[in-house]
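**Q** Here's a structure for you.
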Amino acid sequence: SRAVVLHSKQLEITKAFIEQENGKGQADVKQLQVLEYPPHEQVAFLTTEPLQVDKNYFLSINYIANLSDGFYGFYKSTYKTRNGQTRLLASTHFEPTSARMAFPCFDEPSFKASYTIRIRREEQHVAISNMPKLKTLKLGSNLFEDHFAETVKMSTYLVAFIISDFQSISGTTSSGIVVSVYANPEKLTQAHYALEVAIKILEFYEQYFGISYPLPKQDLVAVPDFQSGAMENWGLTTYRETSLLYDPETSSASDKLWVTLVVAHELAHQWFGNLVTMEWWNDIWLNEGFARYMEFISVDATYPELQVNDYLLDTCFAAMGRDAVNSSRPISSRAENPTQIKEMFDTISYNKGACVLHMLRHFLTEEVFRNGINHYLKKYSYKNAKSKDLWDSLANVSSLWLFLIDTSHDIKNVCFVLHFSQYDYYLSEHFDVAKIMDTWTVQKGLPLIIVEQSWKRIKIKQERFLKGIFPEDPQFLWYVPLTYITSHSKNTGRHLMKNHSDTIKLEEDVSWVKFNVDMNGYYIVHYEGSGWDNIIKLLNENHTLFSYKDRANLIHDAFQLVRYAGRLSLNRALDLTRYLQHETSNVALLKGLGCLEVIYHMMERRNISDLTESLKRYILQYFKPVIDKQTWSDEGSVSERMLRSSLLELACDLQYVPCVQKATELFNKRMESGAKISDIPSDVLGTVYSVGAKTAAGWNFLLDRYKVSVSGAEQRKIYSALASSKDVSKLTRLLELGMEGDIIKIQDLPSVIYSVSTNPSGQLLAWNFVKKNWNRLLDKFPLGSFSITTIIVGTTSYFSSKQELQEVKLFFESAKEEISQLRASQIALENIEKNIRWLERNVAVLRKWISENLK
């Protein structure tokens, strides 16, 4: 070959040389011709004579570039000090395809290399990178050069460096890793919680994976301008401020949980993603699905009081909602260009990936799962892997366990054997992990399990679950590890379903059966015949027969089935929620309330005023006891605190008088007497601000407060409150401020647009704003990014009329060049079609049910 082709984007290459040893201990240096091909973000360095195989060449490239303006590559960020001074910093974000914006490179995950980095800076700045600093040279009166240790072998997207005037706090893990959190000096007091979490969780992962963290240090940096939530650069993880900083005065229980989960996620990547990297972006779920799932395993072990496994249910509910439409995609999907690659960072890779792993862990047992992933991490350390490599590692470990079970007569430890005896379906034949798991990762969608129970016999069928229509596609088949309990069972029953239909024979007659125990499986269940009637009756008589996770799962499935071509009628799903007046579990209570809230907002947006009023009365009447029980404080467990935040927010949203009065009183005290922020409990701060923002004076006060607040958590609560105003001129001003990017940072613009669109008074306004500013939005956020998905799906997901559908279609067609590439536009159109169908089918049913059930 006469060419070396590298990736390069927006870099001006001034000179390039190639050196080759000539065998006489000297190097031949030749200048190269440079050819750029911007459409492919590539550059070719041409030699005068062919390069020879098995010879070492040294390529030297001189180039210059500006710091980029967006959130990718080597970009500039700013923050304001308390006295209004603007400070600059420069930071990097390379995943997935932006290392090429900082230096020419083989910018693909399988090209792993070691990096040696040197950075020149002025005295007032600090430079940090993946590795510790070895030395600093003084080059001039105010110029210094920092030399960093050579990195381990890694992919380009994990290289990172930051030059700032940040300060840090540090600690050390039991194995000697130095952990530091860097932040804007005025926010450093908010870094202590993240430091504590990072140390605890790094220690946990070293022990859980059985592999030492390979670098001497781990830095966590709160970057003021950051598009995603965080980034796992090896040894230098970067975060949006709201994902790392915790301010006890303004951060609620859910803010604290969020920081804990994000730190756990990025540190899990130090093994899943950094040590072992997917071969190509089609398998990004091997990074993201694992990191999302390890959040729950690690935080459950290190912070049991956060009861984090309760929120795994929400993760799987979100995944199922996204997966139950035609525009879904397989977990492992083709991704070729940068836009397609960016779109892979979605609910399917993260949430469905995590839920499928959770199902697999329960299917294989914790021991087999953990040993399998440890085998995978050790075998592919500093290398790349595909999904099949993970399945092979798990299969190798499980066949070893199977051998032990099969030879159980030789084993003295009977308890050990009994522990596995319930997994009898393993022993019927050698099972193939890859064959089972491919049905979950290479085909899209999820199964609906249809159950027909008749005394001892349970007939089961599976088909693809699609919202709104019956699927006619028989090709979909999953290997489903079913779990079930019955009226007579002491233990959980297990059955691996491998066909479209099957029969389970029980040992005795049973009066009821419930599948998907604790929702450890990724499937939806429909009970034919009297199945649902029996469940509704049982919930009313003694709901504690089912675990709280099972109750939340039943509520979820019932309302999903209403959307599924009316498998279950809306009135039966609503009947099921009647038991909630006796519910004590916050998880099940919030799931039930959430389903009712969705229907309420749909009626409110469609301006069906009689139903909006009736539903409001019904919710307040039915849930009054539990709403009245909430205190305006930060007391109780995390679960209780999150229930309080949600219930009081809902009650005030529904204009429940005692709620609005209390929130107004707290807000006025804050506004008029300048009461300290600590006078309002952080768990209710969002609700108090939302009520306060309803008046012009309150809205203006909050905007002023936004400008001086040093808490990202408080600022998020403020812009959500500002977006809830009924005054269209105020909402217009808010959107303009978001677009200007001075007071409200550009990173928060997608969330601001989304917040305005969830407000019935702002829904059309937000959509028109997006249409009018589409090209400006594309200048700020790349196609395929999560930000653009949030803007497209967020502003359209509440539309529910044929006229709105037509209007959205027309806009997508007019912006065809960009939007036709995006999966987000298909999701948006399907959401609107789904809403239209729901209203056509259910408004009359809802009207009748409400009139019969309102006291």
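Each residue, glycine too, has its Cβ placed from N, Cα and C.
Where the annotation comes from TrEMBL, it is an automatic prediction and has not been curated.
Here's the feature list from TrEMBL:
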- 3-158: domain 'Aminopeptidase N-like N-terminal' (DOMAIN)
- 193-399: domain 'Peptidase M1 membrane alanine aminopeptidase' (DOMAIN)
- His265, His269, Glu288: Zn(2+) binding site (BINDING)
- Glu266: active site, proton acceptor (ACT_SITE)
- Tyr350: site 'Transition state stabilizer' (SITE)
- 512-833: domain 'ERAP1-like C-terminal' (DOMAIN)
- 815-842: coiled coil (COILED)
**Q** Would you find the one among the binding-site residues His265, His269 whose Cβ has the most company, meaning other Cβ atoms within 10 Å?
**A** His265
**Q** Going by Cα-Cα distance, which of the recorded positions (His265, Glu266, His269, Glu288) sits nearest to Tyr350 (site 'Transition state stabilizer')?
**A** Glu288
**Q** Using the Cβ center of His265, His269, Glu288 as the Zn(2+) site position, which other residues in that chain lie within 8 Å, going by their Cβ?
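**A** Near the Zn(2+) site, beyond His265, His269, Glu288, sit Glu232, Glu266, Ala268, Phe272, Gly273, Asn287, Phe290, Ala291, Arg292, Met294, Tyr350.
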**Q** Are there residues of the same chain, six or more positions away from Glu288 (Zn(2+) binding site), whose CB falls under 8 angstroms from its CB, and which are they?
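**A** Spatial neighbours, sequence-distant, of Glu288 (Zn(2+) binding site): Gly273, Phe345, Ser349, Tyr350, Gly353.
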**Q** To which of the recorded positions Glu266, Tyr350 does the lowest count of other Cβ atoms within 10 Å belong?
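**A** Relative to the other recorded positions in Glu266, Tyr350, Tyr350 has the fewest Cβ atoms within 10 Å.
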**Q** Return the average pLDDT for the domain 'ERAP1-like C-terminal' (512-833) as a whole number.
**A** 95
